[in-house]
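Swiss-Prot has this to say about the protein:
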DOMAIN    33-74  domain 'Anaphylatoxin-like 1'
DISULFID  Cys47-Cys67  disulfide bond
DISULFID  Cys89-Cys108  disulfide bond
CARBOHYD  Asn96  N-linked glycosylation site
DISULFID  Cys124-Cys142  disulfide bond
DISULFID  Cys249-Cys261  disulfide bond
DOMAIN    263-308  domain 'EGF-like 3'
DISULFID  Cys320-Cys335  disulfide bond
DISULFID  Cys342-Cys355  disulfide bond
DOMAIN    357-399  domain 'EGF-like 5'
DISULFID  Cys368-Cys383  disulfide bond
DOMAIN    400-441  domain 'EGF-like 6'
DOMAIN    442-481  domain 'EGF-like 7'
DISULFID  Cys446-Cys455  disulfide bond
DISULFID  Cys466-Cys480  disulfide bond
DISULFID  Cys486-Cys499  disulfide bond
DOMAIN    526-579  domain 'EGF-like 9'
CARBOHYD  Asn536  N-linked glycosylation site
DISULFID  Cys537-Cys552  disulfide bond
CARBOHYD  Asn540  N-linked glycosylation site
DISULFID  Cys557-Cys578  disulfide bond
Amino acid sequence: MDKLRGARPLRLLLLLLALLPALRGQDLSMEECCDKGVEWANKNRICTSLPLISESRECSMTQVQCCRSKLEEHYCSDGIEFASVHEECDSHNGENSTCEAEYFKKCCYCCLLGKTAQVQGQSCEPNLKIGYQCGIVFRACCVKGQEGTDVSISDDAPKKEQVEISKEELDQEDPYLHDGCRGGGPCSQQCRDTGSSYVCSCFVGYQLQPDGVNCEDINECITGTHSCGIGQTCVNTLGSFRCQRDTSCGTGYELTDDSRCKDIDECETGTHNCPPDFICQNTPGSFRCRPKLQCMNGFIQDALGNCIDINECLSTNMPCPAGQICINTDGSYTCQRISPSCGRGYHLNEDGTRCVDVDECSSSDQPCGEGHVCINGPGNYRCECKSGYSFDVISRTCIDINECRRYPGRLCAHKCENTPGSYYCTCTMGFKLSSDGRSCEDLNECESSPCSQECANVYGSYQCYCRRGFQLSDIDGISCEDIDECALPTGGHICSFRCINIPGSFQCTCPSTGYRLAPNARNCQDIDECVAETHNCSFNETCFNIQGGFRCLSLECPENYRKSGDTVRLEKTDTIRCIKSCRPNDVNCVLDPVHTISHTVISLPTFREFTRPEEIIFLRAITPTYPANQADIIFDITEGNLRESFDIIKRYMDGMTVGVVRQVRPIVGPFHAILKLEMNYVMGGVVSHRNIVNVHIFVSEYWF
């Protein structure tokens, strides 16, 4: 029984089946299903697209298994024929599935072993542990070599002559006559006889299904048992997997069979474009054309293969020493000494190789007066006023310029202060000077932690705020005070049971017994003592979980009724059903219209707000096989409806008649009542049979 969450009611889905079963169509026989699978295998040589002829699970399994078994016979016959003709198996290149290649080579190898045993004069009865099917092929090929007959393991294998053996010979010669795995046995892949029974197993890459007979492919890509590396994608195949490279290899590389990138040797494959006078040299991902002709020292080969002179004088590393000039020659160069003469304002450098400017401004005797600045130029100099000064033609001196007065509002973003020869900018409170010395940028006051908790910087100021569960003090605007969430108008809805305020937050608690705090730390979650086995019910009692506790009830079937198997578990609620079971010749029991008597338990909360009827139980029944317009189902509450707190209405849902039990009045828990519900099947005004449901209703004192 599903528990209510919040203010939503619990809805019980109780399925009561009518005694008269619906008519079913006749299923196909197992032989017909198998014949269809064999026919498909002979015609298409594949079973993956096998069309199923019936919705029956048994028929589908039979059809698929017979198709696979027939394919295995085809593959095995092909392997035996290949071994008989070629005397080897490795040269066969199968283009079909891995499964075909597996059965082909298995029977081919086993046949070669039998032929070898016949040639060596050994017994045709295999004493190796090679498996049942391999043993049959081994013996057939060995006997074939002795008798000169063709080998066949299938009734319809093409171009094979059958070896007919009488029943007496079969009983004398075939040691596998009473083998449980004879003919492949019931197993889909591998079968091992244990004497009194058999054991099925699967090939590598497959796993045995729960039925112990069939095998299914293991998806190594999902189970993580593949060996694909980084940059590769695992692709599942039948019985195995393969690794596929995620990205292409790029120009100059090719993808190998093992999904690796291999360099393409363009020189070896002849895909290069080197001219006849060049030699192709392979490089990783490309190639290089190297000329056949080698040039002498002082020359270099051009794109056409011609040798041209190298101008050493244009090299970044000057080949000649200081004071000498480089002169290029054919295949070499020469160095020639320089003897310059300097004009006014220049002089020779220390090496005497070239003329350099004389810096008059760097001499101890300043050529310019006080307040001026000397500016050197090539071969001369000039005197100018320093930055921040202007030349006064009257006094012939440089005087300070008041930039703040001359360019008001254009130099500084906030405040301008004049200084001799310059000025500086300042900012108002809440700002600081930028790196350009003129602009003002916001000062992040939060870096000095002025607030007790959190600080938000704003343009030119800052704002204090508090973490969740606190509020800013109205006194100083800096300190944070705890918020009592439990005292807020919505505090009664924060926790489902009880709210306890703590600094900066709150805690929810639940009743001391029967409940635990839910993962959201707000709602209370019922503890199912029956599932946890923390109840104290005796062996003869049944534990029923209710909200906040449990009840031990001893529910027995009345006379002429028996329990229908084990107790039915429906969504955390036990339902006990008693079915009528009459003694022989008990006419009164047979005529009693009551067919089933059920007991179930439902737990409800005390609804905080009850504004409309709450649907709590659904009684569903399948209408009997007679026409619906000749039968009617009447639902009724016959006992336990205290204060008319419940009613039952009839509804039609999905072709079924449903009785909906509703709570129509508010009930304050704790409260316990037993509703006796009747579901009467009426035909022609007469009750044909009746089902009784006893619903034990427990109302919790809490709303959750």
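The first residue you see is number 1, and the count goes up from there.
Cβ atoms are placed via backbone N, Cα and C, with glycine included.
What Swiss-Prot annotates, mapped onto the structure for a quick look.
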{"residue": "Cys89", "record": "disulfide bond", "Cβ contacts under 8 Å, 6 or more apart": "Gly79, Phe82, Ala83, Lys105, Cys108, Tyr109, Leu112"}
{"residue": "Cys320", "record": "disulfide bond", "Cβ contacts under 8 Å, 6 or more apart": "Cys326, Tyr333, Cys335"}
{"residue": "Cys368", "record": "disulfide bond", "Cβ contacts under 8 Å, 6 or more apart": "Cys374, Cys383"}
{"residue": "Cys446", "record": "disulfide bond", "Cβ contacts under 8 Å, 6 or more apart": "Cys455, Ala456, Asn457, Tyr462"}
{"residue": "Cys480", "record": "disulfide bond", "Cβ contacts under 8 Å, 6 or more apart": "Ser452, Gln453, Cys464, Cys466, Arg467, Phe470, Gln471, Leu472, Ser473"}
{"residue": "Asn536", "record": "N-linked glycosylation site", "Cβ contacts under 8 Å, 6 or more apart": "Cys552"}
{"residue": "Cys557", "record": "disulfide bond", "Cβ contacts under 8 Å, 6 or more apart": "Lys563, Cys578, Ile597"}
Residue among recorded positions Cys47, Cys67, Asn540 with Cα closest to the Cα of Cys355 (disulfide bond): Cys47
Shortest C-alpha distance to Asn540 (N-linked glycosylation site) - which of the disulfide-bonded residues Cys142, Cys249, Cys342, Cys499: Cys499
Beyond the flanks of the domain 'EGF-like 7' (442-481) by at least 6 residues, Cβ under 8 Å: 428-432, 503-506
Positions whose Cβ lies under 8 angstroms from the domain 'EGF-like 5' (357-399), at least six residues beyond its ends: 343-347, 420-423
Integer Å distance between the CA atoms belonging to Cys142 (disulfide bond) and Cys67 (disulfide bond): 29
Minimum Cα separation from Cys142 (disulfide bond), reported as the residue among disulfide-bonded residues Cys47, Cys249, Cys342, Cys486, Cys499 that achieves it: Cys47
Three-state composition of the domain 'EGF-like 5' (357-399), taking helix and strand from DSSP: 3 helix, 20 strand, 20 coil
Integer Å distance between the CA atoms belonging to Cys124 (disulfide bond) and Cys537 (disulfide bond): 69
Proximal residue to Cys249 (disulfide bond) among disulfide-bonded residues Cys47, Cys342, Cys486 (C-alpha distance): Cys47
Intrachain C-beta neighbours of Cys47 (disulfide bond), sequence separation six or more, cut-off 8 angstroms: Gly37, Trp40, Ala41, Val64, Cys67, Arg68, Leu71
Per DSSP, three-state class assigned to Cys142 (disulfide bond): helix
